[in-house]
């Protein structure tokens, strides 16, 4: 018998020329089976049975050796981008331990500033210059490397990629400050090392350009943005306070100048008076200029009491503005924490919605699970290796019933070897160790054998693994072991294997093939189960996301509590109003409401129309109509009884037809009025008299 190629994990299509599907990590690969064994290009199928894109990689390792170089380059590119992004975050957006580096840089800058200050003192000038020169070397190296790394790491942002993007990043204000400080430091070091006294004295002032290094500590400009936002938010109040304070300063300086210009030489000009007014109204008070006359003192005291209050207003406005802005930022951070739970909740809700079996047109979620589910390729190779080792190096198709020597038959129990075309060989003792791939493989190959051989095998009886090695001809004195928990779990109805391998010698090879393994686990059983498991996982994730989102909705402060209470109060008022409208629609409005509506803009016709719409108004209308009908029936019955008592047709015309009360029939109008009834009665009496005369 020729050795057939090993079969892969089939999804159980019909035999013949039908398409064949192969399962790889719960992702089917379907190919057309040709006449010579099939060599067409495979098509991957997802959990929904729809073909996946042809360029999508197969899950699991070993998907192809041709793309190994591309995968290595892609992995290297990913590592490069990850490193670039990490460095950019450390330098531009420090968090956690990254602050250690920035604190070290701050200490270097602060030390350089202190040494620059000490270098201007005559007693410490020589020592400070030597230490400052060494520190400047260190600062040049550190800041030069940092500047280059900053420009390189900016490529992780899309707008800073390429040479143009790097140049755009270098034009940022803080990068320009870094470049200016770096150039100034290099110039100072170069002049100091050459010993040029003139150049050193000229460039000594450039050291104070290094004060700009303190500005670079706030790379993101958060403090300047906060100050600008506070000034912009309270710009009207600040402009008003500054305007009134400026007017007070001008008038106070001018009046004091007029009062003191003749008696006091300190106020010889209006500029001297403005200097005195600025120092006095800002509560600094150097004391270099003071008014000497009583008129000047009185004016200075009055304008000081009035002007100081306006000059102090901007400080209070800015202080309260900063406090409100900081509180608002804290609230904003608290609200920003809700974004991720809200996004997770929306994503979980959509995935739960899309995994419903009634919505087969939503396939994106299933493609996602096709890509993350594990592969069975390593498991299949392991099973094949174990089978070869157990079969003595033979392939599964070459395994037959092994001959047992006569002497060994009495010492050892008979070993059952099974054969199944196109599949691996498993003995009953090994059935408990079969994986899902082998079970599906046995099911698919059992379907390919055709219905001619399947109907010959009787339905198998499941046996416990503990008693599988005991043959049918064994001694009856041996008691069979009871089912354990693992055996019951192993032989459930959904995952139960039904072997039909007999320990006795089979009559022929064909009978052994007919008694091959049967497996109830097919792809049709696996896929719905997998989808159900995925949907259950989506339900759990949705509930967890919902709980986390509710936890973030807790109030932040008293203002949030008041807002929640006010929103709840408005909601309650709306519900009460809706309930009152429904009650009015059912019961109707009371007499007090009617009087109120009659006094309003609505006319009586609108009021009656509203009352008739209500359920109670309709019930009252029906009752009035029933009463009117009853009254009319009573009148008709009385009229009919009087006609019967008269006895003759001649006296029918003399009977007076009773008239209906219009008040009773106000809500119900009969199609025949009382005048028509009297006329019809007279016509009836005339016709009867004519008929009697003719007789």
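Placement of Cβ uses the backbone N, Cα and C atoms for every residue, glycine included.
The compositional bias 'Polar residues' annotation in Swiss-Prot covers 442-452 (among others).
Annotation comment: Swiss-Prot describes 464-483 (among others) as compositional bias 'Polar residues'.
Summarising the annotation, Swiss-Prot assigns compositional bias 'Basic and acidic residues' to 591-605.
Annotation source Swiss-Prot lists intramembrane segment at 271-292. Away from its own ends, the intramembrane segment (271-292) comes close to residues 245, 248-249, 252-254, 256-257, 259-260, 263-264, 299-300, 303-304, 307-308, 311-312 of its chain (Cβ-Cβ under 8 Å, at least six residues beyond either end).
The region 'C-terminal assembly domain (tetramerization)' annotation in Swiss-Prot covers 546-650.
Sequence annotations record features per position, and here Swiss-Prot assigns topological domain 'Cytoplasmic' to 1-96 (among others).
In the predicted structure, the topological domain 'Extracellular' (119-129) carries a mean pLDDT of 84. Residues annotated as topological domain 'Extracellular' in Swiss-Prot: 119-129 (among others).
As annotated by Swiss-Prot, topological domain 'Cytoplasmic' applies to 153-168 (among others). Within the chain carrying the topological domain 'Cytoplasmic' (153-168), a Cβ under 8 angstroms from the stretch's Cβ atoms is held by residues 81, 84-85, 87-88, 91-92, all 6 or more beyond its ends.
Residues or ranges marked as topological domain 'Extracellular' in Swiss-Prot: 192-202 (among others).
Using a Cβ-Cβ cut-off under 8 Å and counting only residues 6 or more beyond its ends in the same chain, the topological domain 'Cytoplasmic' (224-235) has close neighbours at 218, 317-318, 321-322, 325. Sequence annotations record features per position, and here Swiss-Prot assigns topological domain 'Cytoplasmic' to 224-235 (among others).
The topological domain 'Extracellular' annotation in Swiss-Prot covers 259-270 (among others) and is backed by a curator's inference. Packing against the topological domain 'Extracellular' (259-270) from elsewhere in the chain are residues 253, 276, 288-293, 295-296, 299: each is 6 or more residues past its ends and has a CB under 8 Å from a CB in it.
Look at Swiss-Prot and you will find 323-695 (among others) tagged as topological domain 'Cytoplasmic'.
Residues annotated as transmembrane segment in Swiss-Prot: 97-118 (among others).
According to Swiss-Prot, the feature transmembrane segment maps to 130-152 (among others). Counting residues 6+ beyond its ends, the transmembrane segment (130-152) has Cβ neighbours under 8 Å at 84, 87, 91-92, 105, 108-109, 111-112, 115-116, 119, 166, 169-170, 175, 178-179, 181-182, 185-186, 188-189, 192-193, 207 in the same chain.
If you look up Swiss-Prot, you'll see 169-191 (among others) marked as transmembrane segment.
Residues or ranges marked as transmembrane segment in Swiss-Prot: 203-223 (among others).
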Contacting positions for the transmembrane segment (236-258) when only residues 6+ beyond its ends and CB under 8 Å are counted:
267, 269-270, 272-274, 276-278, 280-281, 291, 296, 299-300, 303-304, 306-307, 310-311, 313-314, 317-318
Please work out the helix, strand and coil residue numbers for the topological domain 'Extracellular' (259-270) from the DSSP assignment.
6 helix, 0 strand, 6 coil
DSSP-assigned states of the topological domain 'Cytoplasmic' (153-168) in counts, ordered helix, strand, coil:
14 helix, 0 strand, 2 coil
